[in-house]
Every structure is written in C-alpha cells, then in structure tokens.
Amino acid sequence: MGVFATTDDLETTGHEQVVFCQDKQTGLKAIIGIYSTALGPALGGTRFYPYASEEAALADVLDLSRGMAYKNALAGLDLGGGKAVIWGDPEQVKSEALLRAYGRFVQSLGGRYYTACDVGTYVPDMDVIARETRYVTGRSVEHGGAGDSSVLTAWGVFQGMRAAVELTWGVPTLNGRRVGVAGLGKVGRHLLGHLLDDGAEVVAADVNPRALEWARATHPQVTLVEDAAALVATDIDVYAPCALGGSLNDDTVAALRAKVVAGSANNQLAHPGVEKLLADRGILYAPDYVVNAGGVIQVADEIEGFDFERAKLRATRIYDTTREILRLAEADGVPPGVAADRLAERRMAEIGRLRTIHLR
Ligand code: NAD
C-alpha cells in the first residue's frame, strides 16, 4: 500500500484529509490525518515513533485520528478529530529544525488541525512547534499552557468510574469498594489519590519497582502486587487499567473478579470480541475513550486561554456522559462501546449539520 493505493482505503474509512509532509534536510516525514471537522478544527496529538513501514504509520494515523473524533465529540468539545505521526526514532532524529519544519506544515493547514503531545512528543516539543504555528496546544505553563494532562485524565476516569459503580451498586461512590489500579504512572498516581479520598480500599500493581516504592512511601495502606496479571485475579470490585493498551483479552477477562472496568489506558480491549466476553461475565465496561477524555479536555481548554477550574468542571461531566452511555447501552441491548459510538456519531451529525444554515 502506498500513497495512491490509500485513496481507496480513505473511501472506506471516511477521512476528510490526509496530508503527507516531507522535509529532506531535517529528515522529517510526517502524516497528518483529519478524520472529521464536523464539530470544529480537528484536535489530536503528534505521535513520534519508528514505525516499521509507511503502511504502519499510515494505518496508525488513520486509526488514531478517527478515535480522536469520537473522543472529542463525547467530551462535548467543539473540536473534530485528527492526529499526526512523525515517522522516525525520536531519540535519533528529533531536532529543533525538524519540529519547526513540522510546525510549518501544521500552520499550512490554516487551523483545520491543532496538534498536541502524544507518545514520543512532550510539552517542550510543543513550545518549539509553536514557534512556527499557532495551532498547537498542550504547551508549558510558562507559555500559558495546560501543563501535565494526566491531572484531569485521572479526575475524568474517577468520574466515569463513579457512574459505572452507581449503575452496578446503586450509589456513585467508591467508598468501601475494593479497586485494583494497574499502572502507577502519571495517571494511576492521581487516580489513587481520588480513590483513597473517596474511601476506597486500593490494590495496585506496577512492573516498575520505583512506582511500587513511591506507593509504599506515600500510601502505606495500599496493597501492592507485582503485575496486572496478578491484579485481575485478586478479589476486587473495580478494575482500573492505567498502564498499556490491550490488557483486556480472553485470558484476563476469564480471570477477572471485578464487576466494573474503568481505567485510563487507551484501547483496553485486545480485540472487539472482548466486549461481549465482558458482558457475558456480567462485567460492566466503561469505554476507555469516554472516561479518559479529561486529558484532551485539559489541553483543549488552552485554546480558549487555560483556566484549570473551567477545565475541571468539564472533566467532571464525564460522570454524566458515562451514565448516559451505560443507560443507553442497557436500553438498546448493546455493549457500552457501541452505545458510545452511536452517541458520538449522533452529535457529529446533529451539530455538524448546523453548518449548512447559511450565515453571511
Ligand atoms: P505512564 O507511562 O506515566 O504510566 C504507565 C505505568 O504503567 C508505568 O508506571 C509502568 O511501569 C506501568 N506498567 C507498564 N506495564 C505494566 C503492567 N504490565 N502491569 C502493571 N503496570 C505496568 O503513563 P500515563 O500517562 O500514566 O498513562 C497511562 C495510560 O493512560 C496509557 O495507556 C495512556 O495512553 C493513557 N492515557 C493517558 C493520558 C494522560 O493524560 N497521561 C490521557 C489519556 C490516556
């Protein structure tokens, strides 16, 4: 599959625009994917990654940009979905010139696409890109940016978890529940704090001994297990995957003792059939892209001029959105992921259609 063959694929994926950007001097090879601008400019981060091939880079950007459209729609943002990938090893090729060359391509889209951080790109990189384009967010606090997005990601996960717990046990609180947190990284640590404040008993896992040391030192009441595989088999009420994607597979679902799954990791289901496995076992799954939208809400707020309290209020609404999705899923007899997609598509269609009302 090359650039031209892709045209056929775009017909099936429905993307609006895919832009290939090259700057030979700096070695920049980037692809910007815009899935939809029905709700506003497309927002999504830039992934800097040494893909095995152009095809792999393209497949990823198509997939990720579509995901952002759905995430931004359900987060209630006036933003469409896009994403970009820079093909290469950031350790080897990332430079000021390369990032600024990339920034010029982002600028050339005239605001159809806003970029932000993703795997392999960090807040200081956004400050460099911003020297060439105004269509960048997730900048440093010194530059009026939102800073670390894991703060509101964790807050949003907590809100989504409350909604799922309410549907399962009748009350929107984690008080007295046993919650298993897999991954004590940036998000997991903030989430741990919210859970303990709410009166939950927490069992946590991380493969990094430093993360476990941090938990021992700061929250001695937390029970620690060595990895996520051990955690799923533990007697817990709620499972919060906050490490890598794909952690819910045929084996982990079969072993899982929790009744609710709500966590920050992207793409938690190893394959689409896992959602049915969860439903068959009576486990309520709060869709990952719904509950982990706090981070994008945080960086999107920066476009208006960052205000933490306003952004936090928006992330708090993840509780309402999750509740609506889970109820819709129940009423329609479909898995929560399907209900979430339907709601996102409905908002994109209903609000997107308004642009057909002509304004002078
Ligand atoms: P992070 O890298 O800071 O933390 C991940 C943690 O998971 C690390 O401490 C790592 O040691 C641990 N881990 C890895 N494999 C594990 C395993 N098998 N068992 C247990 N622990 C394991 O990442 P983060 O920013 O906290 O993000 C966590 C997840 O949430 C990622 O999937 C990320 O894509 C997603 N997410 C993050 C944000 C954000 O704002 N940071 C927003 C949306 C989604």
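First residue shown is number 1, and so on along the chain.
For all residues, glycine too, the Cβ spot is worked out from N, Cα and C.
Those TrEMBL annotations? Automatic predictions, nothing curated.
Sequence-distant contacts (6 or more apart, same chain, Cβ under 8 Å) of Lys83 (active site, proton donor/acceptor) comprise Ile32, Gly33, Gly44, Gly45, Thr46, Arg47, Val61, Leu64, Ser65, Gly67, Met68, Asp118. Sequence annotations record features per position, and here TrEMBL assigns active site, proton donor/acceptor to Lys83.
Under a cutoff of 8 A between CB atoms, and with a sequence separation of 6+ in the same chain, the neighbours of Val187 (NAD(+) binding site) are Ser150, Thr153, Ala154, Val157, Cys242, Ser264, Asn292. As annotated by TrEMBL, NAD(+) binding site applies to Gly183, Leu184, Gly185, Lys186, Val187, Gly188.
Excluding Gly183, Leu184, Gly185, Lys186, Val187, Gly188, which define the NAD(+) site, the same chain contributes Ser150, Val181, Arg189, His190, Leu191, Asp206, Ala211, Cys242, Ala243, Ser264 within 8 Å (Cβ to the Cβ centroid), listed in sequence order. Of all the binding-site residues listed here (Gly183, Gly185, Gly188), it is Gly185 whose C-beta has the fewest other C-beta atoms within 10 angstroms.
Counted over every protein chain shown, other Cβ atoms within 10 Å are most numerous around Leu184 among the binding-site residues Leu184, Lys186. DSSP gives Lys83 (active site, proton donor/acceptor) a strand state.
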